[in-house]
Each structure stands twice: as structure tokens, then as C-alpha cells.
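Now, the feature entries from Swiss-Prot:
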type: BINDING; residues: Gly116, Thr117, Lys118, Gly119, Lys120, Thr121, Thr122; note: ATP binding site
type: MOD_RES; residues: Lys229; note: N6-carboxylysine
Amino acid sequence: MIRLEQVIEILKKDNNFREISSAGEYYFNWPKEVNFDQLSYDSRKSTENTLFFAKGLNFKKEYLTDLEAAFYVSEFDYEVALPAIIVTDVKRAMALIAASFYDFPQNKLKTLALTGTKGKTTSAYFAKAILDKMNGGKTALLSTAQTTLDGKNYFKSELTTPESLDLLEMMAKALTNGMTHLVMEVSSQAYKTERVYGLTFDVGVFLNISPDHIGPVEHPTLEDYFYCKRQLLKNSRYFVANSEMNHFAIIKEELKERKIPHAFYGADSENKIIESKGLHFVTDGSVSGAFDIRLLGRFNQENALATALATKALGASLENIHDGLALAVVPGRMELLTAKNGAHIYIDYAHNGLSLENLVEVVEEHHAGQLVLVLGSTGNKGESRRKDFGQVIEKHPRLDVILTTDDSNREDPKIIADEIASFVSRTLDFELDRELAIKKAVSKTKSTDDAVIIAGKGTDMFQLKDGKRQPYIGDTAAAQKYL
């Protein structure tokens, strides 16, 4: 429960309160006592004692006409019968009010947050596995792939980083379930849309940066994308960063000026990988030792080193790190199937140019024969990925490419595929039915030297079409049908 008086106090303290508007009159304080027993931004879940948040570009006045709620919070006075708390920024208001409503659960958990263009989910699972070794399985996880609030039951995540109200509720549930630590991915959109406003993380990790999510719906420029991701730095008590990442200089400069304790990793830093072979690697620095992970590729080993440094800052021992990394399983990341002819089928969530480039390089290194890539690109977001995908394909002439559908949403998947192909000088294959594309790819293999890469969806069991999730068998099940 939270009192209206508390809500007003929170907003005033954040310089985010304009007035209360009711029946044509304006108030700087409310003369009556009001208690809210629920917060919501979904009109279908609102009740008579709910504090409702009217947010979103498409919010309409008619949503409030028959709304069952006590008050609503908005940047705009809709002049309806329901009293309104008018604010400058409704998303910031929701974040701070939710934190108070749920009794500041973020202060009772040890939190580790990860950002970067690629590797967030893999690193999140690495970190959870290490911390579980340290705390006996009491680590909650919020990732692109899955969410768990009790360490046992997992469910599919709707967003990489949930809306602030949902996020604070999840943190509170994790505490109730006995969790002591939380590992979560923080997207650039989370900072752009204030989903993590007011949160300070115990440890923040910045893995890498490359152009992605650039377009009219998400970030207009790379600068905006990078700036939003960089907000994790000033909202972390300790920070881990990749010294080999693009634009590292400003990260280093900002950390120094803000006097934030930190650790760097990479070839030109104290913490580095000095030996790498298959699933095994050796590190030097503050977490020096020999480690094994279940994923191929040096980039995965670099993510493991990043999480080793981050979890060490939370108290994990070298033994915890060693044992956790060895056991970590990441759903939808380089998931491996073997066809009857011995060919390998790799299923991976790689959904931007940098992730695809790293994935292709690893598979090329281990397979000398036919390499078939099944790939699509999302509609109505991340438009810059199409050029990036085309450039990766052009760079790797060994790839036999089948372009297909991947969450085309309100765009024509053939137009998306054509755009990818426009950046490639050789002829590509098209099969817009994703399952048939996978069938065709597997049929092209003959021996253990051959491999198929199915990129983009990982464990997703839906296709986004016209704004709705439509059932899809899933890449793994589709591939298994034709092994």
C-alpha cells in the first residue's frame, strides 16, 4: 500500500510534480487521505483503489472514461471525472512510485547488470551459474531468453528489461522467494524509456558496442544508442568494461572522473585470456586460472572473463567461478544438434551483425565443408541490422545463404530479405517459410564436415506478425524433424 501523500512527496522531491487536477480545479496538495493498494498501467487490471499510470504514445482519452481507479498519473490532463496527478515525466514517476510501493527491493538484493550489443544473455547465465555456486542457488535472473524469480521455475521474458513497475514487482517476488542476488540484462531502451530510473546496481558490466537498434522506432543515431547504454556506468557502484570495445576511451575517462571502482579486461589490460583452445581457456590477472565453458568461441570466453570479474566483486571465489562456468548452460546460444549424416546444426539467437559475425567465424573454424546459413531480420525495428547482415554474408563467401522470415511484424518479409540481399554481390536463396528454409538447409548437408547455422530466434516459439505473436514450432523442433 502507498498513500497519496507519499506519492506527492516522491514526485515533488524528484521535481516531477505539477499539480492535481480534479473537476476543473487544481491542487498542490490533496485535502483528503487516499490509500492505493495497487499500481497499474493496464486498464484491464485496474480496480477502485488503483493508482493508474496513463503512459505510451498511443494512449487515448477513452481508456479513462470507464476506468476503475482512484487516481491516474499522466503528463496530460485528459479532463475526465477521475482525478489526475499531472507530472512532467510519467515513466520516471512510475519507476520511483513503484520502488516505494514495493518497499525498495533493489536495496535488499545484490544486483549485477549487464549491457552490450551482444553477449548479454550468455553473460547473464554465466553470472547466475557462478553466483548460484556461491549462494546455494539463490540467484534470480532477468534475461532476454528467460526469467526466474525463484531459481527453479523459468518463464519466457516479454522484454529484455521489464517496465519499471513490473521490474520492481519481480524484485519483490524474488526477495519473498528467498533470493539474495539478481542478475539482469539492461538494454539501451531501458534507459531511453526510464525503465530503470532511480536504480543503482552493485555491479555493472559493459561488454561491447556496435551499431544496432538504429532506426526511427528505437535510436536515431549510434551516439544516442551508445549514450543510453553508457548510463549503466554512472548507475553502478562497481564497473567492468571491455578495453577492446569501440569507443573505450570515453568509458575509461568517465569512470576516472566519476571515481567509480572498476576492472577492465581485454588483450591490452591486466585481465586477459592468454590461452584459448576449443572449450578451454586460461586467464591472467585478478581471476587468473584455467577454465572450461560449454560454448565454442573466444568471444564467449571473453564474456566468461567479464562475468568472472563481476561476480568476484560480489564475493565469488575462484572456485565458485571455475565450477559455475563449467556448469553454465545458455538456452538458444550455439545449441548443437547432429544430423544422421554427422553434420552439425547450430541454433543461435544471433540477431545483429556483430553476433552473427562471431558465430560464423567460430563455425567456419570447425567445419571445412558446406556451410549453410538460415537468416532473417526483424520488421519495424533494428532496420540497420539488414545492412550489417548483408555485409557479414558478403565477407564470408563460403556461406550458402537461405533468407527467410524472422518476426517481420508489419513489414513484408520478402522486402526485408531483398534489403539484406542488396548488400551482397552473389546470388542468395529465398524461402520465407522458416520451417521449410530449415528443412532445405539440413538437406544440403552430407557429412561431418558440413554445418547449418540457424540464426535469429534461438528458443523463441513464436513469429511476430502484424503486432501479434503467432505460434511457431521453434527452430530446434523444426531442425529435429529433418535430421
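Every residue gets a Cβ built from N, Cα and C, even glycine.
Feature map: annotations from Swiss-Prot on the structure.
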residue	record	DSSP class
Gly116	ATP binding site	coil
Thr121	ATP binding site	helix
Lys229	N6-carboxylysine	helix
Within 10 angstroms of the C-beta of Lys118 (ATP binding site), what count of other C-beta atoms is obtained when all protein chains are considered?
25
Check: same-chain CB within 8 A of ATP site center, minus Gly116, Thr117, Lys118, Gly119, Lys120, Thr121, Thr122:
Leu114, Ser123, Glu185, Leu207, Asn208, Asn303, Ser355
Rounded to an integer, what is the Cα-Cα distance in Å between Gly116 (ATP binding site) and Lys229 (N6-carboxylysine)?
7
Can you name the residues of this chain that are 6 or more positions from Thr122 (ATP binding site) yet have a C-beta less than 8 Å from its C-beta?
Leu295, Asn300, Asn303, Val330, Arg333
Inside 10 Å of the Cβ of Lys120 (ATP binding site), count up the other Cβ atoms and send me the figure.
24
In Å, rounded, how far does the Cα of Gly119 (ATP binding site) sit from the Cα of the residue listed as 'N6-carboxylysine'?
14
Could you tell me the C-alpha distance between Lys120 (ATP binding site) and the residue listed as 'N6-carboxylysine' in angstrom, no decimals?
12
